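Remarks on the structure that follows.
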Amino acid sequence: MSETQKENPYSSTVLLPKTDFPMKADLAKREPEQIRSWKQNRIFRKMREQRSGKKEFVLHDGPPYANGNFHLGHALNKILKDTIIKSKSLAGFYADMIPGWDCHGLPIEVQVLKNLGKKVRETGPEELRQLCRKYAEEFVGKQGDDLSRFLCFWDEGRIYKTMSPDFEAKIVEVFGELFKKGYVYRGKKPVYWSIDLATAHAEAEIEYYPHISPSIYVKFPIIGEKKRFCLIWTTTPWTLPANLAICFNRKIEYSIFKTESSEELILADALAENVTITTGVALTKLKPITSEELAALKFQHPFVDRISVSLFGDHVTLEAGTGCVHTAPGHGQDDYKVGLAAGLEPFSPVDDYGRYTDEFPLMQGKKVFDANPEIIQLLRDKGLLLYHGELEHSYPHSWRSKKPLIFRATPQWFFKIDFQDLREKSLSAIDGVRWIPSWGITRIRSMVETRPDWCLSRQRNWGVPIPAFTCESCGQTHIDDASIQFFTKMVREKGIEIWYSEETKDLLPPKTKCGKCGNDSFKKGNDILDVWFDSGVSNFSVLGERKDEPPADLYLEGSDQHRGWFQSSLWPSMALRGIPPYKAVLTHGYVLDEKGRAMSKSLGNGIDPTADIIQVYGADILRLWVSSLDFRDDIKVGKESLKIVSEQYRKIRNTFRYLLGNLDGHTPEQNLPFEELEELDRFYLSKLAGFVEDAVASYETYQFHQIYQKLILFCTVTLSQDYFDMIRDRMYCDLRDSKSRRSSSTALQYILDSLCILVAPILSFTAEEVWTSNGKKDSVFLQTFPDLKSWKNQSLEDKFESALQAREVVQKALEIARQEGKLGKSLEAALEIVSKSGLSFGELLPKETLELLFVVSQIHEENPGMEVLSSHENEKFSVKVLKPLQGECPRCWRHTEDISKEGDLCGRCKSVVA
């Protein structure tokens, strides 16, 4: 016999919780085994098969670059998507998401070139493409492993890669459809250009950083006037060799001003004072000059033997400068537009690597940024530099090289944004999309309203070639529907390598001739498609078509994708379908360190989701952290926040452990019908029903942080602090098969099952672990959210809540007695409770229920002559803690009125042990 049994011979008769479910989760070690089980049993496929024919919910996965391991931002994104898919499936939907990877483009090509090091010169284009494909394939595998380790569900044989032949063929096909409909054209326009990478950049590939530029005021001599000049201001001296005009605004008032050196300068009246303050040159107004007079002016280029003309444009403002704008149509969007209207061809004497060409022989071969000081000195030597300073401003940089970009006019392929009112149609369609958070619509509208034509072409090796040919006889570009369809079929069979491996004649339909001269000899183009076009047409390649509605129910990405993937997906879909590709768009913020700084290698503040979280805490802790966030805003994370989440997880796990322990020996077949349950149990099942309803609603609106908060409250307060405490005596000391104990066991079973299913989208491993620990054979993910609305009983809740209002007063009174050393356990107390409203507690709940509610041995509305140990009251209740006249039952520790002498069992315990 144990020491405990010697001390208390009844301990073996008490039904204490018993379970093999460990308190220590050991998630990092045990989760991989569960991942293997899910894969072997094809749980994700079974989830979909089980929901076949149900209402469909499709989340389209924006493809990450197959470049490097997943960082914490990726983990946030993928876990959010997985949580949504699981919650939608449990809500009864046929929920689906096919994970994808972006495999072409600069990020991969640049990394491969970097890895080659000195061998780069020995590597030809064909070998480079093979290395890029191999590199992308490697990281698809690594990131796929990361995805599984985040406990995300996906079928490994059911993914999309933008470098697969089928996908590449779809890219070419969609490009062809857009070309056929007139949305694609070739033209020479200024585009963002990386002189480090020698390629064009789209709007989505640009990042803005602080940059210091020269700030100069330059005098353009007026033809026919000896001492009269037009004053311009620029921060890009290197573009002056390409100047073809000076632009004014007809709505701005201009005048001729005289300097102390008797020179005359034309500039805007409203900016004269600013010019004087900046340059230190005093200006005296001589006379106004009209728009007609300005239009007649011609200007001598400051250092090139060329005449510049006068133009007018609304882009000229009074925000800075002189109101007279240096205009180089080959190096600026606005410059290009006004130049085009005036018949000026864009002129850009700069090559792919940012060096001046022989069109500016004075500095041929010089890099443009390096030329700035020389151009400034040239102006100074000619007496045409009024002022030279510096300006720090936000300047466009390449997202890949982090180096400044230039605007440069080159022949490129473009998507025509304003063709057939596409911009207006898209703006109208945006209004019909659900944007979460709501400010997303304002952000994307502002971008769509001002977006220039999309530059589709790139001058790189790794990507889908634009199927355009050049006639070797007359130089005409050849591209038509027949040639695109022919090439699409070839790509579908053999991949894009066919473009490089086959002879040009074999890439075109037989008997293809030049539409201009009739020649049949062509050469291939060298441009590839923007990688944003690849991902932008993924909804055509991956998703099934739906009649008159978008193919995706939801897009979910970081808020930076308003200018990226959300737009690159929108334009082709609007052009070809007439509708957006998505019904709703949900965005999340950036992951920052605990000080609100971006994570970077230089700061050393990065948190690796695998090494720093999963291998330390487990993936369920990572998922719980994600669920705790209001992710619509930027998110701060550090060791302290992860520690807090880990502690909250322990409380949730402890709740599950207590439930499982108390259900030892209980089977669902022993559950009582709901209507036969005790009132206390029905009250807490009503509370459960309310919690479930709220949680399901929060899943529906993607407000997972609300579920997290309510789950913690439900587990720690509603259950652990209240309900478990109230039924402990019943569960431990009642007869195992008594109706009272079965009532509570039934409630605990319902609570366990409901909580388990409810948290499964978030705590995927733990939910499955609890589910199987309770003897369930199938997966928790093959269930549906419980519908407990019929259990919701407001009148019952009102009745209990009235009684529970006294619990705070009771607990305070008990605490006073403990502090004074008069009381140990609450079961050593009896209570006198008086409602100041005159309401009798007996009218609300039976005395036995109140004793459970307050976890005391006896309840009295009037003291039957017991010693008062303490008292407390508020405006509603007065409570006295009494010392029971009876002794303590050695089995249940209660002091009940049926105990006749010290050491006797109470009547209930006598019947149990008999």
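Each position is counted from 1, following the chain as shown.
A Cβ is built for glycine as well, from the same backbone N, Cα and C atoms used for every other residue.
Keep in mind the model is a prediction, meaning the values are calculated, not measured.
Here Swiss-Prot gives motif ''HIGH' region' for one range in the set 42-52, 64-74, 812-822, 900-910: that range is 64-74. As annotated in Swiss-Prot, motif ''KMSKS' region' covers the listed stretch 598-602 rather than the other ranges in 213-217, 463-467, 598-602.
Secondary structure counts, DSSP: the motif ''HIGH' region' (64-74) has 3 helix, 1 strand, 7 coil. For the motif ''KMSKS' region' (598-602), same-chain residues at least 6 beyond its ends with a Cβ under 8 Å from one of its own Cβ atoms are 71-72, 590-592. The two recorded residues, Glu557 (L-isoleucyl-5'-AMP binding site) and Lys601 (ATP binding site), have Cα atoms 23 Å apart. Under 8 Å, Cβ to Cβ, and six or more positions away along its own chain, Cys892 (Zn(2+) binding site) finds Asp729, Tyr732, Cys733, Leu827, Cys906, Arg908, Cys909. The Cβ neighbour count for Lys601 (ATP binding site), using a 10 Å radius and every protein chain shown, is 7.
The two recorded residues, Cys889 (Zn(2+) binding site) and Lys601 (ATP binding site), show a Cα separation of 66 Å. In terms of DSSP secondary structure, the motif ''KMSKS' region' (598-602) contains 0 helix, 1 strand, 4 coil. The residues near the Zn(2+) site, meaning same-chain residues not in Cys889, Cys892, Cys906, Cys909 whose C-beta sits within 8 angstroms of the mean position of the site's C-beta atoms, are Cys733, Pro890, Arg891, Trp893, Arg894, Thr896, Ile899, Leu905, Gly907, Arg908, Lys910, in sequence order. Across the residues of the motif ''HIGH' region' (64-74), the predicted structure has a mean pLDDT of 92. Under the DSSP three-state reduction, Cys892 (Zn(2+) binding site) is assigned to coil, being neither helix nor strand.
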